[in-house]
Amino acid sequence: MASGKTTGKTDAPAPVIKLGGPKPPKVGSSGNASWFQALKAKKLNSPPPKFEGSGVPDNENLKLSQQHGYWRRQARYKPGKGGRKSVPDAWYFYYTGTGPAADLNWGYSQDGIVWVSAKGADTKSRSNQGTRDPDKFDQYPLRFSDGGPDGNFRWDFIPINRGRSGRSTAASSAASSRAPSRDGSRGRRSGAEDDLIARAAKIIQDQQKKGSRITKAKADEMAHRRYCKRTIPPGYKVDQVFGPRTKCKEGNFGDDKMNEEGIKDGRVTAMLNLVPSSHACLFGSRVTPKLQPDGLHLRFEFTTVVSRDDPQFDNYVKICDQCVDGVGTRPKDDEPRPKSRPNSRPATRTSSPAPRQQPQKKEKKSKKQDDEVDKALTSDEERNNAQLEFDDEPKVINWGESALGENEL
């Protein structure tokens, strides 16, 4: 069956917005770029790179038999007086059967091509890894566990454990013949905080500190693209992007605090752990199409189940209680509370009257018994009891380690 390319506008998803980091170089047409960052020659007219090890970048997602490909030279220029000026070449890695030299078999001699393979790789096979679309995916950091290129080349260091939407700014550094191993990069992942909301807020803050900031024009584009593809930029309220919060119909998630703070509210990032991905929504939902006068309406019904055994079950229930049909309300810990009295000032029943407590229905005590209990309290116990009546409830919720997966945010 013959197939042809469609022309004109498509209904493809909007490009992913990258919050920080260097803009990936585009090699050839869109969607034909290397998955990895470039090797950069230190001088003009440097010879092709030679590697201490196999020369294949580390990629744990591939089997050993698929670890082969080629490095391709890319001439670079920069504008100068009287025209463009040559700068040292860049070399990009592609798997065999992909990229600009996709039609070449492994080992075919050609100027500007260096073939590499890991020990045990099947160089007769062709990769199905494809190439990268720079508008949707960032470059993957280069790592060589068995030895990198010779001293004529360098590459920008990018942390290997960065999140996709939180790229750190690449700091240019001279590359030694052996780069940090993957085990070392795993070790840097172990310092996670226990509080899920605090972790979520920290991720957002780090994204804003590292790399380039979102421009006003980019933020406006994020907030006003097609409704189903919108995301809330930093500094925007929820209702600026998705309209006013409602009750008992679409748009009913979010209380007043969440609406005002937008993505700064850690509960947003926490609940995103339960929101289906695009693929899960499409293939795991009950999809109901309906033709209306204004167009085709698609309804997606999806259920996420949080087990009662989940350590974060109570926390998710609490957020839902606060935010579902939450318009016009605020969390209790966000409301102003009476200030605690300092411990240095002794509090007594006469100087610091405590609010009257409701008597328990199950235990009925006579007034005489109550008087005897009061007399039995020491002065320190009286002071502590009075103080506790005015203490604020703790605002920090211990979410635990298991609430947040390594790649969920």
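Glycine is treated like the rest: Cβ placed from N, Cα and C.
Residues or ranges marked as region 'Disordered' by Swiss-Prot: 1-32, 44-63, 120-145, 164-193, 327-409. As annotated by Swiss-Prot, region 'RNA-binding' applies to 29-160. Annotated compositional bias 'Basic and acidic residues' per Swiss-Prot: 180-192, 368-384, in sequence order. Taken from Swiss-Prot, the feature phosphoserine applies to SER190, SER379, supported by sequence analysis. What Swiss-Prot records for 226-333 is region 'Dimerization', and it gives sequence analysis as the kind of evidence. Residues annotated as disulfide bond in Swiss-Prot: CYS320-CYS323.
Per DSSP, the region 'Disordered' (120-145) is made up of 0 helix, 2 strand, 24 coil. Per-residue confidence over the region 'RNA-binding' (29-160) averages out at a pLDDT of 88. CYS323 (disulfide bond) falls within a helical segment according to DSSP.
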